[in-house]
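The FMN binding site annotation in Swiss-Prot covers 72-77, 123-126, 169-178, 204 and rests on sequence analysis. If you look up Swiss-Prot, you'll see 296, 552, 614, 615, 620, 621, 622, 623, 624, 656 marked as NADP(+) binding site, on the strength of sequence analysis. Among the features that Swiss-Prot reports, FAD binding site is placed at 451, 452, 453, 454, 469, 470, 471, 486, 487, 488, 489, 694, with the record citing sequence analysis. Annotation source Swiss-Prot lists domain 'Flavodoxin-like' at 66-221, citing sequence analysis. The domain 'FAD-binding FR-type' annotation in Swiss-Prot covers 277-538, and the record cites sequence analysis as its basis. What Swiss-Prot records for 1-8 is topological domain 'Lumenal', and it gives sequence analysis as the kind of evidence. According to Swiss-Prot, the feature transmembrane segment maps to 9-31, an assignment based on sequence analysis.
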């Protein structure tokens, strides 16, 4: 029989509490409220200061019988919620409103009227965690004691009056796939709520999110129609927003938003707290390229947060608020016949009192497209279909109708080509779609979202500067007829080029308004905020760590090693620190190659860097291969309570590493393979296996 070691004992202990934690839906490892998140609602929110947080009261005040709540991190769930609200109103006559989960309370949902319905569109973030705006909602319904205002207990089925619809957005490359919607749905069922239709699940990992959503909603509408006796009618476009051109204002008017994110930025007096709703315009202290090979660039940037009251911890994320490239702004304005009036000032107002205006107003067409709209995003088949009524001719209309109704044809002509909306329409006809109301574009195109990067510095070493390590995206994907260029990384490359003396930066042929609205970003500034992460070093620096981070997945581990080197320099005991790093070639894209030598001098034998170069030998070698080669080392460190970290690609690398680790544990301990897999799962639940991955 295999001898029990420390890891086995830890796993046995975890088995006792892990099962309880699992069946209480993750309460024990639920993400804490983000300390960097905004304490107030977003601009134009439905529940502004002084307004009610009682959703039942709000629905009664505004005459609504359907609320669509969303928990969204990148804007997709919010977009789906808006689409459901619009479709419910136009097709079925529902009186709909969209609601941000963090803007309302939940203690009175046991009093939700039986003649109304609530939708919950819930994204899962990271390893089964709620999105930032859904943390309190998640904790309320999945906690041990759900306390409603009426005092009703769970045994009394307090949500028996609540009719609800649920759809989740997840990624099957993560272990806890669609955990948010599954756990909330289970909690609602336990509390007696009545779900209408099935709880839908969209899979971003398989690239089928949009089609999953479209396939789910039709039977859902049928079930809801039967439950609420709804009558379907022909859907005719009814604007959610009223967009008017204001000839009395010019772009030079100080009240016109030209890209400023908030009113205080517009007025030239930005102030904290800086958050996901209020970025800090941060100076870039330093920028350089770690490597440049053909169309591949990798950037290192130092962003100063001095004087902002922003703080971060090693392992956190920084969010960069991008600007759309000039070529894409021009393309969009040309396709929709707005090129000649790009500087016209427009006012945007919600026709319904509950509608949240996603763009600061007044603004201009140019500013809206450049700074506020995700015009380079993948195209929704449902949105393309709505444009048929506004096509410039019958031939174009017929093509759009076919694209909207035939998912295989749409996949061939649009999805495979990686077209954004303007590119898709350009492929149909050279005629402008001038008849498309700008209100429809605001409704159908999501708000331009910040992009998140793992911080590659230690807050102990440089508390006022944040490092970013990012590969610039400019790739030709299989099937695409053009280069697909990253919105934010090319923007950052342009900033780097400008800072380093290029008077006319044009990364991969793109140009940007580098100085920002009204030159407020002059001097090389970029809007940022910080987001908390659970990806953290052990509190005890003597505890061993094993890190697996190929490519830019090494970013947070640079911060980890930087921190441990600083602690060692102060005389603190630092445990074994092992990094598995992979790249193509040692002389091409070995990130921070010289810097590791400095840390090696500081940490001595406590730092071990094991490399995998995939294109130097006859066989491709990846980090998971090196991990297997060093099975004994990995096993020995796990026996010493090592924490295991993975950062990088979720779809392939992270899955392979997870599999190999289970095999290592089983082989080194003489256990069945399934026991090794089980032990890795319990390492995850105990926090000794952590991931910071993306797909």
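Placement of Cβ uses the backbone N, Cα and C atoms for every residue, glycine included.
A quick note: this is a predicted structure, and the numbers were derived from the prediction, not measured.
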Could you list the residues of the same chain, at least six apart in sequence, whose Cβ is under 8 A from the Cβ of residue 72 (FMN binding site)?
78, 79, 81, 121, 123, 131, 133
Which one of these binding-site residues, 123, 471, has the sparsest Cβ neighbourhood, judged by other Cβ atoms within 10 angstroms?
471
Within 10 Å of residue 296 (NADP(+) binding site) (Cα basis), scanning binding-site residues 126, 451, 453, 471, I find 471
Ten-angstrom check, please: count other Cβ atoms within 10 Å of the Cβ of residue 177 (FMN binding site), all chains counted.
16
Length of the line joining the Cα atoms of residue 126 (FMN binding site) and residue 453 (FAD binding site), in Å:
13
For residue 487 (FAD binding site), the one of 75, 614, 620, 622, 624 that lies nearest, given that the binding-site residues are compared by Cα
75
Residue 451 (FAD binding site) CB neighbourhood, other CB atoms within 10 A
19
NADP(+) site residues 296, 552, 614, 615, 620, 621, 622, 623, 624, 656: biggest Cα-Cα distance, Å?
25
If you run the three-state DSSP split on residue 296 (NADP(+) binding site), which class comes out?
strand
Taking 469, 489, 614, 624 as the binding-site residues to compare, which has the smallest set of other Cβ atoms within 10 Å?
614
How many Å lie between the Cα of residue 453 (FAD binding site) and the Cα of residue 174 (FMN binding site)?
18
Let me know the DSSP-derived helix, strand or coil state of residue 489 (FAD binding site), please.
helix
Enumerate same-chain residues with a sequence separation of six or more from residue 622 (NADP(+) binding site) and a Cβ-Cβ distance below 8 A; give 'none' if the list is empty.
550, 582, 612, 614, 653, 656
Provide, as an integer number of angstrom, the distance between the C-alpha atoms of residue 471 (FAD binding site) and residue 620 (NADP(+) binding site).
21
Would you identify the secondary structure of residue 171 (FMN binding site) according to DSSP, in three states?
coil
